[in-house]
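Student: The annotation domain 'EngA-type G 1' is assigned in Swiss-Prot to 3-167. Residues annotated as GTP 1 binding site in Swiss-Prot, with sequence analysis given as evidence: 9-16, 56-60, 119-122. Taken from Swiss-Prot, the feature domain 'EngA-type G 2' applies to 175-350. Look at Swiss-Prot and you will find 181-188, 228-232, 293-296 tagged as GTP 2 binding site. Here Swiss-Prot flags 351-434 as domain 'KH-like'.
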Amino acid sequence: MGNIVAIVGRPNVGKSTFFNRLIQRREAIIDSVSGVTRDRHYGKSDWNGKKFSLIDTGGYVKGSDDIFEAEIDKQVELAIDEADAIIFIVDVESGVTSMDEEVANLLRRVNKPVLLAVNKVDNNKRLANAVEFYSLGLGEYFPIASTNGSGTGDLLDALIEALPEIEEEDESELPRFAVVGRPNAGKSSFINALIGEDRYIVTDIAGTTRDSIDTRYNRFGFEFNLVDTAGIRRKSKVKENLEFYSVMRSVRAIENCDVCLVVLDATRGFDGQVQNIFWLAQRNHKGIVILVNKWDLVDKETNTMKEYEAMIRREIEPFTDVPIVFISVLTKQRVFKAIETAVKVFESRSKKIKTRQFNDVMLPIIERNPPPAYKGKYVKIKFCMQLPTPHPQFAFFCNLPQYVRDPYKRFLENKLRQEFDFQGVPISIFFRKK
């Protein structure tokens, strides 16, 4: 898992423009994850070979442009707690404002790398004016212009130099199942229901990520780590920024796990915040199991469960091949079924299909249902294979890969899932020139 870098600053200084500038740079960004919020506020980055996750905290600030300083302070405090480094963006046009000084006061008190970026420096006059930001007491500043990218390379070079080293994960480590979801959905209670009276627990160890607890657990003859990141922070610090807090915690948990157990509160439904976490897990290619908790509190009729499940699948389209387990941590209803399902998803995600077997199954399907002609030309797929990657990826070799349209790609994915059982596992399909 890479470091987390938070972009902070008051409204209208160019945080989102700076973020968008970075995620459009192919040499810097290896993947941009949409769906974390309605706008794109989360990206996985790689600058000069160093990976980190970039979060634009500006997207989590509520209210109008003249938002209260107290709310800005809470947002910045959360970023300080969760991030490994912070980029503080100010606006040379406005000069040093009282809100800038308030944020700087917070940042000076932390023992983490803080990089001061003076934005909108696009001419020599503004370059000279940027000197006044020395008064914030944060040391060297970096003049940048988010609109054209000027200065961002120097800033990123300094960021990489400042980021703490993170030990690479040992591939021989036990599988990690992360319990994620919005606050108060029952994440910690779910783990407590599993371990409270269970004699299969081996030990509790400090997690590799800050504030997480890894519980080494053995069930169904399968040993793994349960990762709980919930209920650790003081509620008084997060009650005004629950969505920001939840996503920040989920980023760490999801990037460092194999399977995500996404817990939702049955009385609240599959809301936007749960959807954000679901898409975050999907775009990180993690196995996914959805747990509908507090099912004992829902008034039920004959088809209540079926209708609730259908509602969830509509919300997560087009990736609907995900197991959904209805549980109650209070009564321990189906809590072990949830773990059994997560183990199956992990095994599916780790599955390796032999090339000959894969071709024997898929090529006859393709022959019966070939890709539609495009611009009068026919695509002929002659060979396919699973790629040697940590999560399932498949390559189909053909004469005209550029002419394969998305509907046919979805058709192949559906057939793959039917034939090889990849429930709960995001898969990637590529078409390559033979």
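Using N, Cα and C of the backbone, Cβ positions are placed for all residues, glycine too.
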Student: Between the Cα atoms of GLY9 (GTP 1 binding site) and GLY181 (GTP 2 binding site), what distance do you get, rounded to the nearest Å?
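Tutor: Cα-Cα, rounded: 27 Å.
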Student: Mind giving me a neighbour count for TRP295 (GTP 2 binding site)? Other Cβ atoms within 10 Å of its Cβ, every protein chain shown.
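Tutor: TRP295 (GTP 2 binding site): 22 neighbouring Cβ atoms within 10 Å.
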Student: Spatially, which candidate from the binding-site residues ASN12, THR57, VAL121 is nearest to LYS187 (GTP 2 binding site), comparing Cα atoms?
Tutor: THR57
Student: Kindly assign THR57 (GTP 1 binding site) to one of the three DSSP-derived states: helix, strand or coil.
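Tutor: DSSP assigns THR57 (GTP 1 binding site) to helix.
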Student: Give the distance between the Cα atoms of ASN184 (GTP 2 binding site) and LYS15 (GTP 1 binding site), rounded to the nearest whole Å.
Tutor: 30
Student: Distance between VAL121 (GTP 1 binding site) and TRP295 (GTP 2 binding site) at the Cα atoms, whole Å?
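Tutor: Pair distance, Cα basis, whole Å: 55 Å.
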Student: What's the CA to CA span in angstrom from THR57 (GTP 1 binding site) over to GLY181 (GTP 2 binding site)?
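Tutor: Here the two Cα atoms are 19 Å apart.
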Student: Rounded to an integer, what is the Cα-Cα distance in Å between ASN12 (GTP 1 binding site) and TRP295 (GTP 2 binding site)?
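Tutor: The Cα atom of ASN12 (GTP 1 binding site) is 43 Å away from the Cα atom of TRP295 (GTP 2 binding site).
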Student: Within 10 Å of the Cβ of GLY9 (GTP 1 binding site), how many other Cβ atoms can be counted across all chains shown?
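Tutor: Its Cβ shell of radius 10 Å holds 28 other Cβ atoms.
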